[in-house]
Structures are given as C-alpha cells and as structure tokens.
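To start, the structure itself, in structure tokens.
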Amino acid sequence: MIFDSLISLIPISMIMVGCCSNVISLELIMKQSQSHAILVTFFQFATVAFISFFVNIRWKQVFSIFWIPIGLRERKIPLKTYFLMVSIFFILSVLNNKALDCDIPIPFHMIFRSSSLLSTIVIGSIFYRKSYSKQQILSLIMVTLGIIFATFSSMPDSKKEISLGHEPNLLRFSIGMLMLIAAMFLSSILGLIQEHTYKLYGKDRHYETIFYSHLFSLPFFLLFKDDILHHIQLNNDSALMALPFGFGSFPTLWVYLIVNVLTQYVCIQGVFILTGKTSTLTCTLVISIRKFLSIIISVIYFNNHFTSLLFTGTILVFLGTFMYSTSGKVIEKPLPPTKQVKEIEKEKKLN
C-alpha cells in the first residue's frame, strides 16, 4: 500500500480539494485584476492567524459542562527566532504573489515554486555543511533543467512584443522572475531554519509556528495600507454574483477571495496532518500529484498556453523532486553547538 492507513485519506482529500480550489480561485482573481496580490496575501495571513488563534487557546472545564478560555498555550519558541522566521516568511509570500503582477503565467508560477529543491541543496551544502548522494545530485540537475525549459517556454516573444511596441512585457517578466528566484531561496532558508528550530524545541510546534508566523506578519502590511484600501474598493465595485440557496448576491471578487483564503487554510492543514501521519515519500508524492493536477486544470479551464517545452520542464521538476525524496537521508557534518543549544541541553539534564 502506498498510503500508510485509511486515516491518511482525510488529509489527502484536504490537499487535493483545498489546494486545487485555492489555485483556481487565485487565478479567477488574477484574471479580473492582476494587481490584487497584496490584498490576497493580507487576507490569507489574517484568516490563518484568526483560525489558528482558537487552536492555540488553553481551555478550562467549568462545572463539567462549560469550557472557558484561560489564555494562550505556552509558547516554546523564543520571540527572536519568530522575528527572523516572520521577516523571511512575509517577504517571500509577498514576492511570490507580487510576481503574478509581472506577466508570470500561473502554470509557470506553480512549476517554479515546486523547484525549491535547487536552492535547498545549494544553501544546505554551503551554510549547513550537508553532503548529497549521486542520486540527489542527479535530481538537482533534472530540476535545474526543468526550470530552464519552463522559463524559456514562458518568456514573452521579445521580437513580437517589440514589433508591437510592448517592450515592458519582457521587462516585467524578468522582474517577476527575479522575485520568484529570491522567494525560492528565501523559502529554502526558512525551511532550514524551521528544521533547526524543530530539532531544538520539538516537531509538535507546528500549530504554534503557523499562528505566530502569520500573526506577527500582520503589522508589516501597514506598509501597503493604501494599496490594500484601493483594492478593497475594487472588490466592492466588482460585478455581483448570485449565491446559491437563495442567499442573494455578493461582489464577485469578494466571493473568490473568501474561497481562496479558506481553501488555503484547508490546504495548509492537510499538508501538516499528512506529514505527521505518513512517510515523507507519500507526502511528496501526494503534493506532486496535486501540483500537476492544478497545472492541468489551469491549462484546460483557463486556456493557458502549455507548450511541449513547458510540459518537459514540468515532468523534469516533478520527477527530480520525486527522485530526491526516495534517495535516503542527507549526510550532515556536525557543527559546533551554539550557545542556545548548550543551554537547552543543560536544561534537559537538570530536568
């Protein structure tokens, strides 16, 4: 059996339905207004922080009937670590969504975001002294080639654009590419920081990390206050959509945005639950299948351009990622313990 148990079908369903619906709703928003990236990011962060807040509350039973909140769960990870993670997380999230404002096609956007293996290996080998097997190096080469093929297939035809007087399209695409590259490396750095943090404080800290990383990011959106207010007005002015079951009508962009933020939370929770209940191989396989389905839906439903070169790049990225997940453990050369590690180990011995 590929799946470890029938219980894993629940998070798999959450990933397939939640993540695919999230991509569809995002593309529906971007089709109507390409400049909605910041508003979408803000509502995603606010929604996840709000829902996660209730997961992090400590409850006390009263009279064997009622439960009352008595405060937040004890936070194990220090604030300075969260500040570092939040800063990186906020910047990469904004970069990923803002890249969609720069003529980056949704299928290419999904493929590129699936290729973080490249930056993870580069950063891991340079800063964390990790060594990789031949199969892992081969996986890296495949992913790199996949990125190159996908990039060339998605680039605007410069000769055609110049002849039409649309030179900015190629420039915008290049800016979007730089945003995605920066976000890819930041994502890998964040992943390695989280991996190190979970080693120190326990792997069961994900509910805490989700809450604080989104909550502490919200003040940063004050930098984009005018942009957010402008797009809230655009949402209010969008065409009305008839709601099912006789609930009247509601502005279309608000409907898409609500669906987007709710499905993103379902998607995130599905990934976390699946990671805890199945093997890394199963998790990687499910996520890769989900991303491939999202690309197919984007191409068919939204009539996005999908060349043979882009298809080849897609296969190389997913196959390379799958090979890497089956290649065994990465060998880490021991680093000298930091002051923080020494303090934690000393505390464990005393307890």
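Here the Cβ of each residue, glycine as well, is placed from N, Cα and C on the backbone.
Since this is a predicted model, take the numbers as computed values, not measurements.
Under the heading transmembrane segment, Swiss-Prot lists 6-26, 37-57, 77-97, 104-124, 136-156, 173-193, 209-229, 252-274, 282-302, 306-326, citing sequence analysis as support.
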Long-range environment of the transmembrane segment (282-302) - Cβ separation under 8 angstroms, sequence gap at least 6: 2-4, 8, 12, 15-16, 19-20, 23-24, 27, 31, 106-107, 110-111, 114, 271, 274-275, 314, 318, 321-322, 325
The transmembrane segment (37-57) vs the transmembrane segment (209-229): 3 or more CB pairs under 8 Å: yes
Distal contacts, the transmembrane segment (173-193) - CB-CB under 8 A, six or more residues away: 81, 84-85, 88-89, 91-92, 95-96, 98-104, 109, 112-113, 115-116, 118-120, 122-124, 127-128, 151, 154-156
